Every structure is written in C-alpha cells, then in structure tokens.
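For reference, the structure discussed in these notes is given below.
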Amino acid sequence: MTVLTIYREDLPEQPLTQATDGAAEIAALLAQQGLRFERWPAQVELADDATPEQILAAYATEVDRVKTEGGYITVDAVSLRPDHPDRAALRQKFLAEHIHSEDEVRFFVAGQGLFSLHLGDHVYALLCTQNDWISVPAGTRHWFDMGSQPYFTALRFFNNPEGWVAQFTGSDIASQFPLLP
C-alpha cells in the first residue's frame with residue numbers, strides 16, 4: 001500500500017499528515033511541492049525473474065509517453081532482491097541525502113521503496129509500491145531506502161547518458177527519520 005507521511009524536519013518522531021493508498025490525494029499533496037506522482041495500471045503479469053527487456057516491453061506505451069514528455073534519452077530496469085550480495089552497501093549509498101542535476105524518475109514494477117524528500121522545512125516520506133510512478137525534480141534534496149531485505153523492480157528514466165549521478169549534501173538528516181525494516 002502506498003503511503004505518504006509528512007514530517008517537520010525538526011520533529012521526525014511526529015508525523016503531521018499521512019495519506020494512505022489514495023493515488024489522487026497523494027498526487028495532489030506532492031504536486032503542491034512540484035513533484036509528480038501517478039499510478040500506472042499493471043499491463044501484464046511479469047515473472048519474478050523477468051528480464052529487463054521483458055519489463056520494458058510490458059510497459060512500452062507508458063515508457064514512450066514519459067520519454068517523449070520529459071525528454072529522457074535512456075530507460076533501464078533494475079531489480080534488487082534480499083539475496084543480492086551488495087544490498088547493504090547499496091542501501092547505505094542511497095540513504096545519504098543527495099541531489100541530482102536531472103529529474104529522478106522511477107516506476108515501481110514490483111516491490112517497494114521509501115523516497116524521503118527534504119522540501120523546505122519538511123520531509124515527505126513516500127512509500128512507493130507496485131505500479132507507482134514518481135518524478136522528483138532536479139535539485140530536490142532526498143534519499144531512498146530499499147530496506148535491509150530489499151525487494152523491488154523499477155524502471156529508471158535518465159536525461160544523462162551516465163545514468164545515476166548524485167551530489168551528496170553531507171547532511172545526516174536521513175539518519176533521523178524512520179527507515180524500512
């Protein structure tokens with residue numbers, strides 16, 4: 001279930017607002033902050049071990065639309081499972097607050113991940129689940145938690161042919177907010 005929890009940056013133990021699984025409500029709250037959120041319908045039933053090519057083919061219509069709208073030049077599919085040998089190191093890398101010089105655009109084909117967005121003096125923690133699509137504007141301070149036992153498959157859209165390139169802020173704010181188990 002998709003959940004958006006909003007906190008003041010100085011009160012990580014006290015949520016101000018929580019929206020649960022109402023795509024329209026979540027999209028409206030995020031749009032007020034300049035972010036886009038959509039829920040895409042499942043196109044086909046994909047096997048847990050589906051290849052990146054099969055995943056991209058299953059969502060070809062949506063992928064083409066987003067590439068055209070956003071001018072994205074590359075799209076890939078990434079999967080992480082609990083048995084991935086580098087899961088702990090990858091989790092730590094993404095948990096550090098960072099920004100990008102391009103939009104960070106993700107679609108969750110399966111599983112879940114927690115995007116925490118540091119917007120002004122608030123933190124918007126969005127638990128993305130299957131069929132959720134999010135676009136985080138360039139320059140937005142954020143971090144991502146995949147959990148200690150990650151399970152997700154996501155499409156990633158890029159303007160930069162180098163792919164995921166982060167500029168870390170040096171802030172420890174991510175360590176103050178709830179994480180996935």
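Positions of Cβ are set from backbone N, Cα and C atoms, glycine also.
Listed in Swiss-Prot:
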type: BINDING; residues: HIS98, HIS100, GLU104, HIS142; note: Fe(2+) binding site
type: BINDING; residues: HIS98, HIS100, GLU104, HIS142; note: Ni(2+) binding site
type: SITE; residues: GLU97; note: site 'May play a role in metal incorporation in vivo'
type: SITE; residues: ASP103; note: site 'May play a role in transmitting local conformational changes'
type: SITE; residues: ARG106; note: site 'Important to generate the dianion'
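In this structure, ASP103 (site 'May play a role in transmitting local conformational changes') belongs to neither helix nor strand by DSSP; it is coil. Nearest Cα neighbour of GLU97 (site 'May play a role in metal incorporation in vivo') among the listed recorded positions (ASP103, GLU104, ARG106, HIS142): HIS142. Its own atom aside, the Cβ of GLU104 (Fe(2+) binding site) has 22 Cβ atoms within 10 angstroms in the protein chains shown. Remark: ARG106 (site 'Important to generate the dianion') has GLY113, PHE115, CYS128, TRP133, ILE134, ALA154, LEU155, ARG156, PHE157 as non-local neighbours, by Cβ distance under 8 Å and separation of at least 6 in sequence.
Listed in chain order, the extra residues whose Cβ falls within 8 Å of the Cβ center of the Fe(2+) site residues HIS98, HIS100, GLU104, HIS142 are ILE99, VAL136, THR140, ARG141, TRP143, PHE144, ALA166. All protein chains shown were included, and the count of other CB atoms within 10 Å of the CB of HIS142 (Fe(2+) binding site) stands at 23.
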